[in-house]
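Notes to accompany the following structure.
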Amino acid sequence: MAVGEMLCSTICVRYFQTGGNGRVLKPKYVCFFGYPSFKYSHPHQLLKTAAALQGQIVQFKLSDIGEGIREVTVKEWYVKEGDTVSQFDSICEVQSDKASVTITSRYDGIIKKLYYNLDDTAYVGKPLVDIETEALKDSEEDVVETPAVSHDEHTHQEIKGQKTLATPAVRRLAMENNIKLSEVVGSGKDGRILKEDILNYLEKQTGAILPPSPKAEIVPPPPKSKDRTIPIPMSKPPVFTGKDRTEPVKGFHKAMVKSMSAALKIPHFGYCDEVDLTELVKLREELKPIAFARGIKLTFMPFFLKASHNIGIAMDTEQGLIVPNVKNVQICSVFEIAAELNRLQNLGSSGQLSTSDLTGGTFTLSNIGSIGGTYAKPVILPPEVAIGALGVIKALPRFNEKGDVYKAQIMNVSWSADHRIIDGATVSRFSNLWKSYLENPAFMLLDLK
């Protein structure tokens, strides 16, 4: 059925009309502006509408995030019921089995209801929040039919046209301290509000100084009696008062279950070797001050990546194991790779990696040596066909070409390959070439682009 509307200055009547014979049915409901609506329908019935009526509550649904994701975990709310939001303001942060995503508002209005608590599972296409809005334009959303409310009964906070620049963490800090971002002067670029601006504003508003803690009065112990017998304490068996609880598998852990279950179907071929990194250690020590001057932390990993291709990096985070990847390694300099690694590590530790950061990898390196391991049997991450595990670098005695013993910086590497696609000889030749670049860093200047 098509929906027709007749509007006048004092009354709004909605009719339903059939498309076949043009017969007009009785009004669905009648509402007088400024007064409670007189309805024929149920008070909570959902209507599909493209009009803009005062006091509408829009169910803001979780949109499709892509990558076939159908459910996410709510990790953080940036708003609460009663807050006023503008378009593009952050509403919440959700985490799928691939990445963390910040959900932003598409409307100006007031948050009326949050459908989920923290760590709840939200589903794509289902309501996330209810927003009371007056600015629905040419969009069709689920609207909860509610009585009209006069301006005397409900006041709205004025929404300025200029968007306030602030990160989600800063917005959360302001929300927890009941601070309006519009009242804070930002000291960052383009007027961006920083964490320090919120703290300074809070200090100026409160001006509270914690009183000194009172000194504990020293009471001398009572004199011991010589005839007093000391009772022997009776030992009691320890009693466990805690309770077991079941933790659901969510987020990145859930993704690991899927990928590792798929990895069980892959016939793994293992290959191990040791690499003498003595010359590379010297080169890195020479380049570290230069990298530091550029604001880059230079580790060994950029050299390991440069000797390879488009590589994913296994990272151990509080959210679980994640594998972001450095794109187009073959056309990047060592410094550019190091800068990109720093960016991925910072985002990974805060759970802010995007879907593009976590997809598109062709090969993975796992630096197990950062924890202390020497050897490993790495598991391939489908749909990739190979992975390498890097052990800890140790100072060990080795013989040079003249037979003299010298102090060598040795690292062990463990490769795993899908034996359905890569044979052992191919893995060995690749490992020898990769090893030659690391043992002779100057070769990178001659052969690598």
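Just so you know, glycine gets a Cβ as well, placed from its N, Cα and C.
Look at TrEMBL and you will find 57-132 tagged as domain 'Lipoyl-binding'.
Per TrEMBL, region 'Disordered' is recorded for 139-164 (among others).
Look at TrEMBL and you will find 150-161 tagged as compositional bias 'Basic and acidic residues'.
Within the model, the domain 'Peripheral subunit-binding (PSBD)' (165-202) carries an average pLDDT of 80. According to TrEMBL, the domain 'Peripheral subunit-binding (PSBD)' annotation covers 165-202.
Feature annotation from TrEMBL assigns region 'Disordered' to 212-245 (among others).
Residues or ranges marked as compositional bias 'Pro residues' in TrEMBL: 212-223.
Per DSSP, the domain 'Peripheral subunit-binding (PSBD)' (165-202) is made up of 23 helix, 2 strand, 13 coil. Broken down by DSSP into helix, strand and coil, the domain 'Lipoyl-binding' (57-132) contains 0 helix, 40 strand, 36 coil.
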